[in-house]
Amino acid sequence: GDRMEVLEEKEEEEQRENEDLKALEISDALHDMETKASVEQVCVPSNVPDFDWSSIDTSQLPSSYKTNSLKEEKLLHIADHFLQQYSHLCPDRKPLFLHPVNECGVEKFVSTTVRPTLLPYTELYHWDGCASFVSDYLTMEPLKSPITPPSSLYSPTTILKYQRGNCFDFSVLLCSLLIGAGYDAYCVHGYATREMCTLDETLELCPLLRKPQEVPKEEMKKKPSKYRVKPPPDLQSTFELQQKAKKAESEAAHKNKEREEEKVMEVEKLRPDPLYGLRVHAWVLVLSGKREVPENFFINPFTGNSHSTTDERFLGIESVWNHRNYWVNMQDCGKGCKDLIFDLGDAIRWEIMLLSNRPLQMFPDAKKVKELFVRDKDDVEKEEEDRSFDMPPSWVAPVQISPRDFETRCSRGRKVILYKQAKLEKWAPYLNGNGLVKRLTVYADLNYTEVVEVREWFKNREDMLVMREVNKQTQLTTEHFGPGHLFGLKAHTYVSLEPETDQSMEFYNEVRADGLQKRVENAKEMMEYFTGRDDLLHVRHVEFGKRGKKVHLAGTRTDSARPIVKIKECFHRNLEKPADEDVAERLFLITEEMIHLTYHLKDKYITASKKDFFKASETDRKGNEIDMTPEMCITYQAGSSEKDKKLLQLYKLLQELTKEEKQLKQQVRQSEAEVLNILKARENEETAIKLLVSIYNTEKHEERRQQYEAMVENELPGREEQDLDYLTPFLIRIGKGEKMTKGQAMCVRDDCLSDFKQRLMDRANIIQARFQKAVEELQKKDQWFQENRSRLSAEEEDDFLARCSEAAFHVHILALRLNREKQTAPQKYLALEEKLRKDPRLALHFGHA
């Protein structure tokens, strides 16, 4: 028995030694991996220039950044005590991220670094606006060690000042904005995939290219009818079908080969990650409830995209915190975050740090809590006394973002993001002279060499252009416009801006008197689509013939207008008329001199009434009028074999149609002229691009005002005005005599001064009249707006306010000019008087006198 006990003890010692050796090997391997990863992280090529955080100036920071209050010191003591207990209960888990140092080297608890802030920008009142702003405004910096959290956590104010930071800096800033906007948001310390931690989106599909998921409709299964008609025999050639099948197979094989090559490249990029599950990442958790959030979701602060809490790219969570408390995740993350329950009031799944700020428990179970943590009564009472503590206020100064910084967004005004076969570029508004703010370039390969499509987004364009799509393979360009274009243009698709080429134009029919919605034109035909017209016209189709040549006497040839061959119009049903009197389609055959009328179908009829008119010249060669004959009109009345209308009625109808045909020709020519005007206007708009400034953009308006005032100031003193010779016109009246009497010299001087004085008064009166007229017009506009405000739409109201702003700006400039004219007029008069006194011509004549 003693030998057995000795053998068992030896076996246990050997097992312990083996376990210790394995633990040492694992720790050494982790250490090696950490050093390799840190080296790899530094060696990764990046467009982000290195920044030395140790060189930042902290002398001007508030005292709260450099010292801790008594309450903060007590909080740090509680955090250390909490960390000791956590390390004792969970020795296998990594240390918590509790109180890193700030930019001044002072330890600060992470919850006090969160500063809830609501900024005065509408976009930052919603989570997606906050997330996109943070991802665009800040530049990403990787963690020094990818498997350990950072040793420092700077304030959101410093991060905003230098526009850069790691994932923890991003998350704290985003969480501060979200909490300020009313969301139930938390910073998360956890683990994620390599692509998410390093902001590698080259294998992700660009969000702008993702198509919305289509909900499949369940088709009703039709029972086969016993009396169904037999299908017609298949008359297709089997040889042609075989050739088509071979061609399709070759194309499919070519596409499959390309896909396989792309997959090989993707596999090469997706090399196995030795640090899978160990890479530290920080992101934001938004819980449901507040701000009508229906379900919990994550936000990746690097991209600003939302993710489901079951997303496989999030591999685990250590802890979460907000500005009130800190929670440690006690759930198993073996399957990532799929099975995690985010009920922070559940003490079994989430260990809370400060008991005073404990949220309401959804599933209170005191017995399980006691069974999980068995402690002595004295220890529990002491711990509860320490942890019953209110979180001190944030030590961070108020977060502020100037309108210029908010508008500029990206660092240096530009940001580039690479996606799978796509590149997205972003610019600050007004940075590009053409108003370009975003460009998406789609490529055919993963190496970004062959461009397939380019999409560009614009802002603040005077021509209201908001988006342009260019297909590089077909050279087809589609431009989209906002409301307010000169011609009411909504979209324009073209290959070339040359006339009589393939053009497709869409219009805002609400602002057009003719209700035109779309116009499609090429060299041979033109289609126009209408909506909301009183005459119920909805389609007009025009066909053109071959253009002839006009030969002039000099022998030169000029192109004539395209001859109109056919005009076809379609009308909706007018319920106020009988169906057999309501025209559904009318066709004008210009070259054949025929008019076809087709009426709407009557109820329970399968054929429609029709009338065909054969036009003849109204007079013969001798000038005699030609009478209407029955052969000139063929009528078919559905449901009746008799001719209801007499020849006189048909003759009047033919006359009306003839007049309308002439009007239609004029309308077609007007449409052609409008197309030419639009194409010319688009060329002019692209050659001389102008940007608008919002009435709410006070900074840009101030710049314009200063530029204009500087120009006015330069004009008023005017060197040219100073160099003008005011004396010569008055000397001419006297003549070129060498001698001048004293009386004549005095008369010349007085005439010159009185004339100059009158000119100054006339100039001031003109400016005064313009000023009064502008003020009256502005008052009329304001009165009209107050009377009609309730009937205006939001777009019309904004457009009217923009025009009023321009008028008010004009009034302000006139007031400045008038005021400056009144102030400078006496100075100009005295300056001229002094100039005349020193003028050698008058002084010479005074000498002779």
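A Cβ is built for glycine as well, from the same backbone N, Cα and C atoms used for every other residue.
Curation does not apply to TrEMBL; its annotations are automatic.
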Per TrEMBL record, range annotated coiled coil [choices 479-506, 535-562, 647-674, 703-730]: 647-674
Region 'Disordered' according to TrEMBL, located in which of 241-264, 361-384, 601-624, 817-840: 241-264
Positions whose Cβ lies under 8 angstroms from the coiled coil (647-674), at least six residues beyond its ends: 487, 519, 526, 528, 542, 561-562, 564, 567, 569, 586, 588, 590, 595, 597, 611, 613, 615, 628-630, 632-633, 635
Tally of residues which DSSP labels helix, strand or coil - the domain 'CEP76/DRC7 peptidase-like' (280-353): 3 helix, 31 strand, 40 coil
